[in-house]
């Protein structure tokens, strides 16, 4: 039986109106300081897991009490999830971390049907939640020996660059066809698909994060946890099959030209990566500043193609969610989804994921057009690689010694 932990957190909130603070997401104004306090221990005799399957937190937002319900995202990793990095002498080192007891959750606010949440509970609470149409971010404050967290709206994060950023896909890349009305599209549970992806982190990212592989991994995990929620509306499960870090040098020529980099990355995947890790799609994450306003590029309607089921994404923001949405955008191109036009909608007042321009708004949803285009692409092309449902990590429990298994690429000392 799954152990369920009901944790009540009393968050005493003290708004700092007009003040600012430097957080991981940047300089933030108008935030609330909150102190999580666990009030309800586990039942007597219960065995506490490091990260429980279900958690609930109670706190106040703007003086109003809310209950945040979280459930572990058990489909986040594939059962054979692997991580790859390289030694200084060029050896490829493959490990299989034990990811069953991870700390990434999805959830909602109790009594708010439209609420959502994506939270990391690894070191305090970090992530975002939607409450009554407003999106809030939460993260631990950088105070020694303190449980203080900051809760704030994204609009209160000072923007380093106000210029609009864009996806590099243009009409020359996209094939425009008439879009069916939603009433013309038959949808059933048979349309559920499963996309196993590999994220490749280039050497510019390693430099940006000062070689801190743990920080890079956490950044990627949080991104994938965020986009799994967005893709659930398209009836597509996103599963992370692998993370490769080019720790010593790039294995392709990563250029400021997004188009050239995409081409090189696709060719490398077809001749190398696809033979090492079972996956359906690969995305390159880079700190390289692409030419012009471009922050991402992907082939359109290319899922399962060895060279073309790929995308490239610039790590363009200190706000994880914004980079995650860019990743979700490029992956959707691979699934036959085009840029939104004027008639497309994902709710009144919202900018949708497939907008060609990425601005400072918090984006979360695919539009009705994206939904229809994705369904049409799957119905027409039926890409075979995303048909199979992979086993979840919690279905396999193989005892091992240590935290990792090293494959043959690494010489044992």
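Placement of Cβ uses the backbone N, Cα and C atoms for every residue, glycine included.
Under the three-state DSSP scheme, residue 304 (disulfide bond) falls in the coil class. What Swiss-Prot records for 304-385 (among others) is disulfide bond.
Residues or ranges marked as Zn(2+) binding site by Swiss-Prot on the basis of similarity to another entry: 329, 333, 339. The Cβ neighbour count for residue 333 (Zn(2+) binding site), using a 10 Å radius over every protein chain in view, is 25.
Within 10 Å of the C-beta of residue 330 (active site) there are 24 other C-beta atoms, taking all protein chains into account. Residues or ranges marked as active site in Swiss-Prot: 330.
For residue 369 (disulfide bond), the number of other Cβ atoms no farther than 10 Å from its own Cβ, over all displayed protein chains, is 21. Per Swiss-Prot, the feature disulfide bond maps to 344-369 (among others).
According to Swiss-Prot, the disulfide bond annotation covers 346-352 (among others), on the basis of sequence analysis. DSSP gives residue 352 (disulfide bond) a coil state; it is part of no helix or strand.
Annotation source Swiss-Prot lists Ca(2+) 2 binding site at 400, 403, 405, 407, 413.
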Rounded Cα distance in angstrom between residue 329 (Zn(2+) binding site) and residue 369 (disulfide bond) is 13
Across all protein chains shown, the binding-site residues 329, 339 give the max Cβ-within-10 Å count at 329
For the disulfide-bonded residues listed (304, 346, 385), most other Cβ atoms within 10 Å of the Cβ sits at 346
Looking only at the disulfide-bonded residues 346, 352, 385, residue 339 (Zn(2+) binding site) has its closest CA neighbour at 352
